[in-house]
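> Handing you a structure now.
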Amino acid sequence: MSGKTLYDKLWDSHLVQQRDDGSALIYIDLQLLHEVTSPQAFEGLRLAGRKPWRVSSSLATPDHNVPTTKKERISGVDGIEDPVSKIQVTTLDDNCNEFGITEFNMKDIRQGIVHVVGPEQGATLPGMTVVCGDSHTSTHGAFGALAHGIGTSEVEHVLATQCLVQKKSRNMLVRVDGELSPWVSAKDVVLAIIGAIGTAGGTGYAIEFGGTGIQSLSMEGRMTVCNMAIEAGARVGLIAVDDTTIEYVKGRPYAPKGEHWEMAVEAWKDLVSDKDAQFDEVVVIKAEDIKPQVTWGTSPEMVIAIDEPIPRAEDQKDPVKKEGYARAWKYMGLEGKSMLSDIVLDRVFIGSCTNSRIEDLRIAAQVVKGRKVASTLKQAIVVPGSGLVKAQAEKEGLHEIFEAAGLEWREPGCSMCLAMNADKLGAGEHSASTSNRNFEGRQGFGGRTHLVSPAMAAAAAIAGHFVDVNEFVKH
């Protein structure tokens, strides 16, 4: 009998019941909640006269709708100008109070993007099953956890039963072998992976990311990679537990303490795929082939290295791809442009659940230090992923570096990742964004999003257009 993959181990250890139709009942260790997908779930509990099965297994924080300017944040919920956003945040506060669920509200320094808060609090732990009404819950797979997004009705189901009906995915291994080049980050790695396998390449799979190129990443970097597994079509992204994982978790508020810590670490050592484990699909990418990446179109798979020409629709042999490229060219306003450096940027956004952790901000600050934002740029904002990230960055003086360069230093939240708060693109505006999606209208109606790493976004803010950060930092 062959060994088990990490995904198999996590699945089997949480299997409550296997059903004849191929579905299974899976136990859920942690549910993260935010203001957008939880109101209907709580209302469902209320109408049915139910209580949460285990309140200690849920953690909430508002993130999608919260304003990020200091002026608006001083008043807490009352500072939210949009009435719908205000209702959603207020409703989360009320629901958490009524049902006894821990919430880091807008006035709590621990508030932030749910996928930043869970790990930094140690609420996300190796070996767990983690769900949230948000597709980027795959982020938590960086800890050797089985994590994925769920719908609102499923949010209610988990609140009521602490279980979920699921169908098991197949196993895919994406191995990044070798050593990454200077200034090539986790964001470049995952964009290159999506470019290679496509946005449907991981459909039906749980992707385990491995190889020396992945193992060399910090936990912040690993979270970036797993965060975008969903953009490759996979609900689940996983990375095996190692010393890097354990060191990150150690001492965090929700992490085990004392003898429980020692017992946990011993158990976590098995959270790796067995050497003889069989994967349904294996993809191998050479780390040294990965260069700084930039998306040019309206899908994460429309991505190229900074030094490559923008692909043209007329050069595509596949008629479906040709049509998609033509639409993307028109939407993105690329006529007359051949290289990414030809695109004049309007705004730069450094933040989101993909790239708003302290490591991301340190890298961006390193690039902009002693420089000034391009005069052609309308706006450049830096939005930390949580109040604790913000406090740490300010302790290190990173906010002073950003502000001296002309970037705005904001309060924590999802911000310009999506057009659900005051931070948006105008129609026809181009952004260099460290977020995870570049669909039509994602950052605002008619907005044109280019996904990049924090280093590339920082360099673009100074240059006013896309440049290779490797060349940029030399001058």
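Cβ coordinates are placed from backbone N, Cα and C, and glycine is handled just like the others.
Pulled from Swiss-Prot, these are the listed features:
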type	residues	note
BINDING	Cys353, Cys414, Cys417	[4Fe-4S] cluster binding site
> Is it possible to get the count of other C-beta atoms within 10 angstroms of the C-beta of Cys414 ([4Fe-4S] cluster binding site)?
29
> Work through the binding-site residues one by one (Cys353, Cys417) and point out the residue whose CB has the fewest other CB atoms within 10 angstroms.
Cys353
> For the recorded [4Fe-4S] cluster site, whose residues are Cys353, Cys414, Cys417, find every other residue on that chain with a C-beta no more than 8 angstroms from the centre of their C-beta atoms, and list them by sequence position.
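Once Cys353, Cys414, Cys417 are set aside, the remaining close residues are Asp63, His64, Ile113, His115, His136, Gly351, Ser352, Thr354, Ser356, Gly413, Ser415, Leu418, Ser435, Asn436.
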> Under a three-state reduction of DSSP output, how is Cys417 ([4Fe-4S] cluster binding site) classified: helix, strand, or coil?
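Once the DSSP labels are grouped into three classes, Cys417 ([4Fe-4S] cluster binding site) ends up as helix.
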